[in-house]
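According to TrEMBL, the protein has these features:
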- 12-35: transmembrane segment (TRANSMEM)
- 41-61: transmembrane segment (TRANSMEM)
- 82-105: transmembrane segment (TRANSMEM)
- 84-222: domain 'EXPERA' (DOMAIN)
- 136-155: transmembrane segment (TRANSMEM)
- 167-185: transmembrane segment (TRANSMEM)
- 205-226: transmembrane segment (TRANSMEM)
- 237-246: compositional bias 'Basic and acidic residues' (COMPBIAS)
- 237-257: region 'Disordered' (REGION)
Amino acid sequence: MSRSSYNEEYRLACLYWCGSIINSVAVLVPGGAIGKYGPKWSILLNVPYVVIPLYILFKVLSSHSASRRNVLTSIGTRVKKGPVEMLFILFFATCIVVNAFRAAVTLDCKHDMAKNYLKDFEPFLAEDTSFPKMQMLVYLFYFLPYYVYAIYRLLYPGPTNGLMKDLAVFHAGAAAQAQFVYLTTAQHSRTAANYRIPSTPAAQYCFWIINIALLIVPQLFAYRCIAGPKRTEKITDESVKEDNSSRDSYILRNRKR
């Protein structure tokens, strides 16, 4: 963790790991407490996995808050919206709708569309251990606000995207852990047959397209935020000085008036 304070690669690895472990604990602890097995004293063994990742996340984010503020006042990158950015916007907007709908399904929505989806496409959402239910609630209450912020930043980028990059890497780790576990358990042989994904082509296509997209696209977006888009408008020190000088001259003219 100490290396993350001066090495960007270690820092991004810490953020990715924090996203993965925090998502797993957010699903495991409440899911185990409300599931068919009920709360047990052994659940307290997961307390270190709650405290330590949150502490590391706080240290990693706070260690670069000062440098991020300095960058905001000096050099930055203004992102020009291109086709790739518009595709990401479309993806995040679709995620908002899809994950809100799947969360409603897990909360026993009485609408016929929700009932048909649970029965014919993704019965694993009603699995009695409650882990799929908790994962959908994590998507609803934590991932969905991130989608909204990502859309806003893609539409109205600031001088730098430091916070967006941090959130993208954190979310990529959480999405990787969430989708890997969800995909494997939904198809596992020990999962009850009535909760597995139906073998119909429509159900299989729907299940794999949604969940593979939720797994792969966050990784691509995190890479995009780290590597930086090709279509950018660089802000140099000279341009910053010119902006400051023009602002000072404008203030002086107004004072003379």
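Each Cβ is built from the backbone N, Cα and C atoms, and glycine gets one as well.
Here the listed stretches are 12-35, 41-61, 205-226, and the one with the most C-beta pairs under 8 angstroms to the transmembrane segment (82-105) is 205-226. Averaged across the domain 'EXPERA' (84-222), pLDDT in this predicted model comes to 91.
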